[in-house]
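A.B. asks: Mind having a look at this structure? Questions to follow.
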Amino acid sequence: LECNQLIPIAHKTCPEGKNLCYKMFMVSTSTVPVKRGCIDVCPKNSALVKYVCCNTDRCN
């Protein structure tokens with residue numbers, strides 16, 4: 001699986017076991033991602049941050 005990094009033109013191949021791509025947003029600015037990458041399980045959203053996860057190459 002390949003996931004985008006914070007700068008969308010940069011991407012990396014995920015290590016074994018991390019088979020989801022994610023985007024993390026601050027809830028207050030939910031249109032601008034603050035972090036992107038590979039992750040093993042999709043974290044729960046909280047009062048401050050929102051995660052969007054997907055499982056296809058560079059879908060984040």
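Every residue gets a Cβ built from N, Cα and C, even glycine.
Residues annotated as disulfide bond in Swiss-Prot, with similarity to another entry given as evidence: Cys3-Cys21, Cys14-Cys38, Cys42-Cys53, Cys54-Cys59.
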A.B. asks: Cβ distance under 8 Å to Cys53 (disulfide bond), same chain, sequence separation 6 or more: which residues?
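C.D. replies: Leu20, Cys21, Tyr22, Ile39, Cys42, Asn60 - these are the non-local Cβ neighbours of Cys53 (disulfide bond), listed in sequence order.
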A.B. asks: Could you give the Cα-Cα distance between Cys54 (disulfide bond) and Cys14 (disulfide bond), in whole Å?
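C.D. replies: The Cα atom of Cys54 (disulfide bond) is 13 Å away from the Cα atom of Cys14 (disulfide bond).
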A.B. asks: For Cys59 (disulfide bond) and Cys3 (disulfide bond), determine the Cα separation and express it in whole Å.
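C.D. replies: Rounded to a whole number, the Cα-Cα distance is 7 Å.
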A.B. asks: If I restrict to non-local contacts, at least six residues apart, and a C-beta distance under 8 angstroms, what lies near Cys38 (disulfide bond) in its own chain?
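C.D. replies: In sequence order, Leu1, Cys3, Lys12, Cys14, Pro15, Lys18, Asn19, Leu20, Cys21, Tyr22 meet the Cβ cut-off.
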A.B. asks: If you count the other Cβ atoms within 10 Å of each Cβ, which of the disulfide-bonded residues Cys3, Cys42, Cys54, Cys59 comes out on top?
C.D. replies: Cys3
A.B. asks: Tell me which of the disulfide-bonded residues Cys14, Cys21 sits in the most Cβ-dense spot, judged by other Cβ atoms within 10 Å.
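C.D. replies: That would be Cys21, with the highest Cβ count within 10 Å.
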